[in-house]
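Report on the following structure.
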Amino acid sequence: MSKQFDVLVIGGGPGGYIAAIRAAQLGFNTACIDEWKTAAGGPAPGGTCTNVGCIPSKALLQSSEHFEHAGHHFADHGINLSNLSIDVAKMLARKDQVVKQNNDGILYLFKKNKVSFFHGRGSFAAAKDGLYEVKVGEESLLAKHVIVATGSNARALPGAAFDEENILSNDGALRIGGVPKKLGVIGSGVIGLEMGSVWRRLGAEVTVLEAMPAFLSAVDEGVAKEAAKLFKKQGLKIELGVKISEVKSDKGGVTVSYADAKGAAQTLAVDKLIVSIGRVANTIGLNGEAVGLKLDERGAIVVDDECKTNLPNVWAVGDVVRGPMLAHKAEEEGVAVAERIAGQHGHVNFNTIPWVIYTSPEIAWVGKTEQQLKAEGVAYKAGQFPFMANGRARALGDTNGFVKMLADAKTDEILGVHIIGPFASELIAEAVVAMEFKASAEDIARICHAHPSLSESTKEAALAVDKRTLNF
Ligand code: FAD
Ligand code: NAI
């Protein structure tokens, strides 16, 4: 006998589990299927984000940052340490514990919200009488609405499959058992920089090989330039404009053959190689063909602006559809779809989705970059304020970077905010709120910000738009 639901979510990552909770809150009889397993074979909902993405990477970034501070910055505070060492096994165990807390938290939230959870792979079986049949193992589930949130997988370099021993995806990069002497990273995107930073801080010699001639080309040029300067100072080697020709792996490590920006043949020998060259939508095992689910040429599920697929009452959200591959984007889409199913007007504003790169310093932005505004021919004013001139940043001993605000030249509406510096990930929230409410730079400049706080730099950047900073 099949179990029947109003809403069935396939995938329990941030897109799926949040969609399921919101659907249940709205009164729908809801189920969520997720196949992720713990090492012992138990359920591990939370998807890439919780298991091998956002959460474990931030746990390791925190541990490695403590190590770096203890080794290089505590002495400035008069704290003297000797014989500093890192216990990688303990650091990884702590990371695993943080992941487990998040897995358990999601299972608790399912119970609390009365979402039925099924552990296993969900596969479309048929569509009949206005219902979709989805199989999980031997079990058959029926639902009027299906939300597909099956996420993404790491893209491999042609001819260099992930073995997670020597050639690592994000999964292997998060569980290297000891600090490699030499670590190679292909791709200087978000994962490459975050994971490269972790292992560099712990003592690895890290070389990043990037195909594009420009560093962080999606980031505001001023921020990318500052980041390149600071990462170089930290000892992260980044080679731009390379073309990888071959990757060879054996017991001794990995050798990467490539042409450098000038076309000269080069080799890089490393103990481990992280390949972080983007991710691909995941529909493995979903069996969308059974119901005629349409994919695009890159394998992503085709959806419209409202996350509707080509099939009635089948929706798709998160990494498996177009748009930025970010956990908070997946969550927003999940909420919006549940609300649309309930006849409400869920909405996701793509222009106010914040981005954060959790390096040190952190990089965060929302809205347009200066190069985008130039390309679009938008007249704008820019204001910038360095953390060097901020009292709280000086007290923290973390004065690298700045806040930059871009506002419409005529209306003063904020068009973009770009931050490189301490706690940029937290500071960006004010900019997101401001842009969502269509604030002007003057609005931020007139708001009282606590002293001493890093957020005063955002106010000062807003004042700088009108060329009237008070502290610089
Ligand atoms: P996923 O999180 O991938 O979840 C999909 C789930 O569906 C998985 O559990 C999978 O097992 C399950 N599944 C797939 N097919 C089936 C099936 N047929 N049946 C049952 N279950 C199925 N984003 C941020 O915003 N901030 C960050 O700091 C950040 N850091 C990251 C760090 C790394 C190393 C990586 C790799 C990614 C990071 N991301 C970050 C991106 C973020 O993880 C993704 O954007 C997010 O997880 C996408 O959510 P999702 O729900 O669409 O898919
Ligand atoms: P990415 O898209 O951020 O970066 C990939 C980089 O690899 C690009 O710079 C690209 O030019 C380069 N590249 C591509 N092919 C190459 C090749 N053959 N040789 C050399 N370089 C090559 O992808 P990444 O880092 O894999 O991350 C995937 C996604 O995960 C990100 O786009 C992001 O959405 C998400 N993520 C988000 C994080 C966050 O929000 N803090 C952290 C980590 C990941």
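Backbone N, Cα and C atoms are what each Cβ position is placed from, and that goes for glycine too.
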From GLU165, GLU210, GLU297, the one annotated by TrEMBL with GLY187, SER188, GLY189, VAL190, ILE191, GLY192, LEU193, GLU194, GLY278 for NAD(+): GLU210
Candidates near ligand 2 among the recorded positions CYS49, LYS58, THR150, GLY187, ILE191, GLU210, judged by a Cβ under 6 angstroms: GLY187, ILE191, GLU210
CYS54 (disulfide bond) to THR150 (FAD binding site) - Cα separation in whole Å: 16
The domain 'Pyridine nucleotide-disulphide oxidoreductase dimerisation' (353-462): DSSP-derived helix, strand, coil residue counts: 42 helix, 33 strand, 35 coil
Inter-residue C-alpha distance, HIS451 (active site, proton acceptor) and LYS58 (FAD binding site) (nearest angstrom): 28
Top Cα neighbour of CYS49 (disulfide bond) in the set of binding-site residues THR150, GLY187, GLY189, LEU193, ALA327: ALA327
